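*Asks:* Feature list, courtesy of Swiss-Prot:
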{"type": "BINDING", "residues": "166-173, 191-195, 213-216, 293-296, 324-326", "note": "GTP binding site"}
{"type": "BINDING", "residues": "173, 193", "note": "Mg(2+) binding site"}
{"type": "DOMAIN", "residues": "1-159", "note": "domain 'Obg'"}
{"type": "DOMAIN", "residues": "160-343", "note": "domain 'OBG-type G'"}
C-alpha cells in the first residue's frame with residue numbers, strides 16, 4: 001500500500017430539527033394549549049485516533065463526511081430524535097488543520113483520542129415554549145440551528161523511533177532493508193523513495209522499534225524544493241536521527257565530483273544541516289548519528305582513512321559508523337546502540353515523571 005500522508009476532507013455536521021407548532025386536541029378540551037415539541041440536535045462530526053491505521057489513503061476516495069440531521073419536533077410535546085454523530089477514524093500521529101484559518105485544531109497522538117471537528121446544530125424550540133399570559137395560543141416555533149461545516153487538512157506525522165535522512169541515492173532504502181523486514185524500492189536514481197517507508201527492527205524477542213526511511217532531501221528542501229517540507233515534518237517526532245552520507249562520493253584530480261551523489265561527504269553533511277535548521281532548529285538538538293555508507297566501494301583502509309578525516313574536519317563528537325548497507329556490514333551495531341539509547345531515554349523519562357509528582 002502506498003503511504004499517503006496528507007489529505008483534505010469536508011466535514012458537515014447535522015442541522016438541528018425544527019420546533020413544532022401544535023395544539024392539544026382532546027375530547028372535552030376544545031381549547032387545548034400549545035404542545036409542540038422541540039427538534040432534536042443535529043449530529044456532530046468527530047475524529048478518533050485508531051492504532052490499526054497507518055495511512056490516509058482512504059481519504060483519497062471519500063472526502064465528504066456528513067452527520068445526521070436532527071428530527072423535527074412533534075405534537076403532544078414529543079421531542080425529535082437527535083441526529084447520529086459521524087465518527088471518522090484516522091491514524092495516530094494525524095495533525096488536523098482548519099483550511100479556512102490555517103489553524104491547527106488538533107493533534108491525534110494516542111489511540112482513542114477524540115476530536116470534535118464540526119458541532120451539530122441545536123434543535124429548534126416548539127411552540128409550547130412561547131406561551132404567555134397575553135399569548136395563550138402561540139403559532140410560532142423556532143427552526144433548528146445549522147450545523148458547522150469545515151474543510152480540514154489532515155497531515156500524518158510518522159510515529160517512528162528513528163528517522164533516516166540524507167540526500168537521494170546515499171543508500172537509505174538499502175539500509176532499512178538490511179535491518180528490518182521492510183522492502184522499499186531500491187534503484188540507482190534520485191527519489192526512488194516517494195513515500196516514507198516504515199520498518200520494524202527486532203533486537204530481541206520482546207525488544208523492537210520503528211525506523212522511518214524518509215525520502216531523500218536536496219538543497220532547498222526547507223523551501224519545498226524536490227519532495228520538500230512535506231517529509232521533513234516526519235522527523236519531528238523521532239527519538240534519533242541517522243544522517244546517512246555516501247562516503248564514496250569523491251573528486252577527481254581536477255576537483256570535479258565523479259562518483260556518488262554529486263556532493264562530497266562534507267558537503268552532504270553541512271548542506272543538510274542547513275536545511276534542518278531552516279525547517280526546524282529543534283531538529284538539530286535531537287540525537288544525530290553519522291552513518292558513512294558505501295564503504296564497500298573502496299579498500300577498507302581507504303574508507304577508514306576517509307571517514308576519520310571527515311570526522312576530524314567536521315569536529316564531530318556524536319557517534320559515527322562506517323557501514324556497507326548492501327553487504328549489511330556494520331549495520332547491526334547501530335541498531336543495538338539505538339536500542340540502548342531508547343532504554344536510557346525511557347529510564348530518564350520515568351525518573352522525571354516520578355520527581356514531578
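Cβ coordinates are placed from backbone N, Cα and C, and glycine is handled just like the others.
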*Asks:* Indicate whether residue 169 (GTP binding site) is helix, strand or coil by DSSP.
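*Replies:* Going by the DSSP assignment, residue 169 (GTP binding site) belongs to neither helix nor strand, so it counts as coil.
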*Asks:* At a 10 Å cut-off from the C-beta of residue 169 (GTP binding site), count the other C-beta atoms across all protein chains.
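*Replies:* Result for residue 169 (GTP binding site): 20 neighbouring Cβ atoms inside 10 Å.
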*Asks:* What three-state class does DSSP give residue 324 (GTP binding site)?
*Replies:* strand
*Asks:* In whole Å, note down how far the CA of residue 173 (Mg(2+) binding site) lies from the CA of residue 294 (GTP binding site).
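*Replies:* Cα-Cα, rounded: 13 Å.
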*Asks:* Can you count the other CB atoms that lie within 10 A of the CB of residue 166 (GTP binding site)?
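*Replies:* The answer is 24 other Cβ atoms.
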*Asks:* Of 173, 324, the binding-site residues given in the record, which has the fewest other CB atoms within 10 A of its CB?
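*Replies:* Among the binding-site residues 173, 324, the lowest count of other Cβ atoms within 10 Å belongs to 324.
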*Asks:* So if I draw a 10 Å sphere around the Cβ of residue 294 (GTP binding site), how many other Cβ atoms end up inside it?
*Replies:* 25
*Asks:* Distance check, please: Cα of residue 173 (Mg(2+) binding site) against Cα of residue 166 (GTP binding site), rounded to an integer number of angstrom.
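*Replies:* Given the Cα positions, residue 173 (Mg(2+) binding site) is 11 Å from residue 166 (GTP binding site).
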*Asks:* Please give me the CB contact count at 10 A for residue 172 (GTP binding site), counting all chains in the structure.
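*Replies:* There are 29 of them.
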